[in-house]
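**Student:** Can you keep this structure in mind? I'll have questions shortly.
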Ligand SMILES: Nc1ncnc2c1ncn2[C@@H]1O[C@H](COP(=O)(O)OP(=O)(O)OP(=O)(O)O)[C@@H](O)[C@H]1O
Ligand SMILES: CC(C)(CO)[C@@H](O)C(=O)[O-]
Ligand code: BAL
């Protein structure tokens, strides 16, 4: 065996590896396939079973346990009693940990797992080209397992022990669940009157597998890939009548398929997705999906959005990805923050594109509930931040009113409760919203950090907003005046310096707006922390905020000006 260690880096052909003798314990499907492959590779193979394991294993270079999962531990205990203990003891189970080989490890053997990622229906199945997941208790044990795999004709890849269960779940999805899906599809076709459903479906199933093997998510075809949601709804209606028990599974798979379609579309544009986010629609699914992260005490980040994502949202998602272990994005056009004459019905929506952006930014979980799930019949509780913060600027009764912020704080409180994030991310573009949400979190002692990130702008300075889509080409050009006006106000203040009049800065900004034919709903300067009216520019940050209708779009923007920098600790 020492020879085997000496030759670790040698090519794995013939006797040069030093691997000569192999004890195979178990003569079932896997053992019965390993044995002929090992003999064909020129190994000296001894075969034993439970009861003869110690005698068979004694003196071998490697002993491989090919016994049922539940017997591995007991058979390993037998092997551990061998007088001439093999240096390496392994098993071939995907579901079982290395710890099942503890009895041999305790006596000084190095242990490994070598799991063929293939169904082995009978003894004598060829292992040629079969991928094999390899894990070792040491680098030497892993190398021995790789060498053995190659000698048996397999293609080894490394698998970390802590990811064994996830890996095995993947294997079950690809094999067992695909079979279950095929069987379910056949059942449905049979109920729909098709005679030999299995024969009818076989070409489709085989070509789907072959196409996926070649092209991955790009091989996806069908209604979801082409955004035909009407057909999806027709399927759901048909299932509700013919096979209602299949409806939850169909709906869950449709959501998963939307995420795959989004990833495919994003890749198609040349992007490299960081993840395929999971979509959940109910608070129960959300909690279940987050339970492992919560148990593990990992850092959860939440980015609340109303969808129709742009680079502003993406900057929040990327910040969450950098700062948190798990990134949750909510996607919900919240009806309670829209006034009766506002644009709730027209608000732009594109879930598939949103999922693609979420995938690009590395989002783990997208929470996209229906309105009646968030607000079921009987819903009667609201969260409201009182006082100045919600009565001024957008909260002025003549504008969106305090009811708008009541809608925002109510839904944000619900989202914070449902997700339980460590950090929630908001954009400075909605400056008043960020201040109001911070006040709510502080007043209600919510255990969450409210992070506020800078406004992301178009190259010409226009703040990115989902509502920019409402602008015609001519309005889009005029809309630049909002940021230009704020820039002029900030420059005026900075040039005039400490104590300069707010009035002058606002007048300069107002002129820029007027020149563009824009009459603002408001153009005001307020203390950037408590929103009280600001009198002069000085050492406190001043928020200059504007709201204006440009065509159909009501746009907002702001800048924070502090003409005297306060040196911390001075
Ligand atoms: N340009 C931007 N830069 C940074 N953050 C932004 C930007 N636009 C929106 N956000 C932030 O993204 C989050 C979700 O906002 P929302 O989905 O309402 O997008 P929006 O573009 O502001 O849409 P709307 O048209 O409703 O203003 C909020 O915290 C918001 O402040
Ligand atoms: C925070 C928010 C998602 C609540 O609906 C919304 O107001 C928004 O998108 O800014
Ligand atoms: N972007 C803030 C949410 C709203 O306009 O309703």
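Each Cβ is built from the backbone N, Cα and C atoms, and glycine gets one as well.
Automatic, uncurated: that is what TrEMBL annotation is.
Pulled from TrEMBL, these are the listed features:
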ACT_SITE  313  active site, proton donor
BINDING   306-313, 427-430, 456, 464-467  ATP binding site
BINDING   337  beta-alanine binding site
BINDING   337, 433  (R)-pantoate binding site
DOMAIN    56-116  domain 'Putative oxidoreductase/dehydrogenase Rossmann-like'
DOMAIN    131-257  domain 'DUF2520'
**Student:** Report the recorded positions (309, 313, 337, 456) that meet this criterion: Cβ distance to the nearest atom of ligand 3 under 6 Å. Use sequence order and write none if nothing qualifies.
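**Tutor:** From 309, 313, 337, 456, counting a Cβ under 6 Å from ligand 3 as near, the near ones are 337.
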**Student:** If you count other Cβ atoms within 10 Å of each one's Cβ, which of the binding-site residues 306, 309, 456 has the most?
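**Tutor:** Highest number of other Cβ atoms within 10 Å: 309.
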**Student:** With DSSP as the reference, give the number of residues of the domain 'Putative oxidoreductase/dehydrogenase Rossmann-like' (56-116) in helix, strand and coil.
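**Tutor:** Its residues divide into 22 helix, 15 strand, 24 coil.
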**Student:** Which secondary structure state does DSSP assign to residue 428 (ATP binding site), in the simple three-class scheme?
**Tutor:** helix
**Student:** Tell me which recorded positions (306, 313, 456, 466) have a Cβ under 6 A from ligand 2; sequence order is fine.
**Tutor:** 306
**Student:** Sort out the sequence-distant neighbours of residue 428 (ATP binding site) for me: same chain, 6+ apart, CB within less than 8 Å of its CB, listed by position.
**Tutor:** 434, 452, 453, 454, 455, 558, 560
**Student:** Can you check which residues sit near residue 337 (beta-alanine binding site), meaning Cβ under 8 Å from its Cβ, same chain, 6 or more apart in sequence, and list them in order?
**Tutor:** 404, 405, 406, 407, 408, 411
**Student:** Looking only at the domain 'DUF2520' (131-257), report the model's average pLDDT.
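**Tutor:** Averaged over the domain 'DUF2520' (131-257), per-residue pLDDT gives 94.
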**Student:** Under the DSSP assignment, what numbers of helix, strand and coil residues are found in the domain 'DUF2520' (131-257)?
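**Tutor:** Within the domain 'DUF2520' (131-257) the tally stands at 95 helix, 10 strand, 22 coil.
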**Student:** Please report how many Å separate the Cα atom of residue 312 (ATP binding site) from that of residue 433 ((R)-pantoate binding site), as a whole number.
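**Tutor:** Pair distance, Cα basis, whole Å: 15 Å.
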**Student:** Please report the Cα separation of residue 456 (ATP binding site) and residue 433 ((R)-pantoate binding site) in Å, rounded to an integer.
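**Tutor:** Distance (Cα to Cα, whole Å): 16 Å.
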**Student:** Taking the Cβ of residue 466 (ATP binding site) as the reference point, list residues of the same chain whose Cβ is under 8 angstroms away and which are at least six residues distant in sequence.
**Tutor:** 306, 307, 308, 309, 310, 347, 348
**Student:** At the Cα level, what's the spacing in Å between residue 313 (active site, proton donor) and residue 433 ((R)-pantoate binding site), rounded?
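**Tutor:** A Cα-Cα distance of 15 Å.
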**Student:** Counting all other Cβ atoms within 10 Å across every protein chain shown, which of the recorded positions 312, 313, 433 scores highest?
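**Tutor:** Going through 312, 313, 433 one by one, the largest Cβ count within 10 Å is at 313.
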**Student:** Helix, strand or coil for residue 309 (ATP binding site)? Use DSSP.
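**Tutor:** The three-state answer is coil.
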